[in-house]
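For reference, the structure is listed below as structure tokens.
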Amino acid sequence: MTTLFISDLHLTPSRTDITECFVQFMRNEAVNAEALYVLGDLFEFWIGDEDCTPFAERIRNEFKALTTSGVPVYFIQGNRDFLLGQRFCRETGITLLDDVCTIDLYGEKVVILHGDTLCIDDLKYQEFRKTVHQRWLQWIFKRIPWFIKKRIVAKVQSGVRDDKQHKSLEIMDVNQQEVAQVMSQFCVKLMIHGHTHRPNIHHFEHDNLPLTRIVLGDWYSQGSVLKVTADGYSLEQRPFFTE
């Protein structure tokens, strides 16, 4: 059997190529998997579980069809879909996991997370993350009218784009010491995460122990899937479908 991992799809109505690749993946690959893990940023931005647009319903239906077929789906919130909550999970049958958690992957303990919490050198982002994850603020936001939410999100997205233009790639990448600290904290030799859009498999040592960090790819120009079996793992690409 195969366990699949994806992240950073940034699904949005304007990118039909990404959506179609995702749908084909769900129907042709994920349906045959032992489990599917989505490690955040499934959406370009998820405003709230009350989203009932045709696009949101289409994505819900794909997950519902997959879980109904018997394939468990596990989700970790990313920095763009941290408002995805229990209502979405109930409607689709997926399971929401903690921001950082460990799983048993064919006999090996593995730590999985979105990855933004590893980018501790980006102080401005970490402060922003701390703010938007406050429960009282999310409680208020969930009760704001939909049209106002959209305006707020549009303004935030504009600010994020402007901010990124003035940051170095190093600041937006993970901090290696933080990676080692988290792996040591959870007593694991393998970490899987997304967020940085830098797909790769990193092998390194810490305290004389061989460690591995797998970085999932984004879906901006092609699909990216991590396939794990009892025999090993492979980070693979999936081409977009063209007319």
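Glycine is no exception: its Cβ is also placed from the backbone N, Cα and C atoms.
As annotated by Swiss-Prot, Mn(2+) 1 binding site applies to Asp8, His10, Asp41, His197. For Asp41, Asn79, His114, His195, the entry in Swiss-Prot reads Mn(2+) 2 binding site. According to Swiss-Prot, the feature substrate binding site maps to Asn79, Arg80, Asp122, Lys164, Lys167, His195.
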- Item | Using Cα positions only, nearest of the binding-site residues to Asp122 (substrate binding site) (Asp8, His195, His197) | His195
- Apart from Asp8, His10, Asp41, His197, which residues in this chain have a Cβ no more than 8 Å from the mean position of the Cβ atoms of those residues at the Mn(2+) 1 site? Ser7, Leu9, Gly40, Gly78, Arg80, Gly194, His195, Asp218, Trp219, Tyr220
- Message: Quick check: of the binding-site residues listed here (Asn79, Arg80, His114, His195), which one has the Cα closest to that of His10 (Mn(2+) 1 binding site)?
- Response: Arg80
- Query: Distance between His197 (Mn(2+) 1 binding site) and Asn79 (Mn(2+) 2 binding site) at the Cα atoms, whole Å?
  - Reply: 13
- Item | Lowest local Cβ density among Asp8, Asp41, Asp122, which the record lists as binding-site residues, within 10 Å | Asp122
- Message: I need the CA-to-CA distance for Asp8 (Mn(2+) 1 binding site) versus His195 (Mn(2+) 2 binding site), whole Å please.
- Response: 6
- Query: Given the recorded Mn(2+) 2 site (Asp41, Asn79, His114, His195), which additional residues of the same chain have their Cβ within 8 Å of the Cβ centre, ordered by sequence?
  - Reply: Ser7, Asp8, Leu39, Gly40, Gln77, Gly78, Arg80, Gly115, Asp116, Gly194
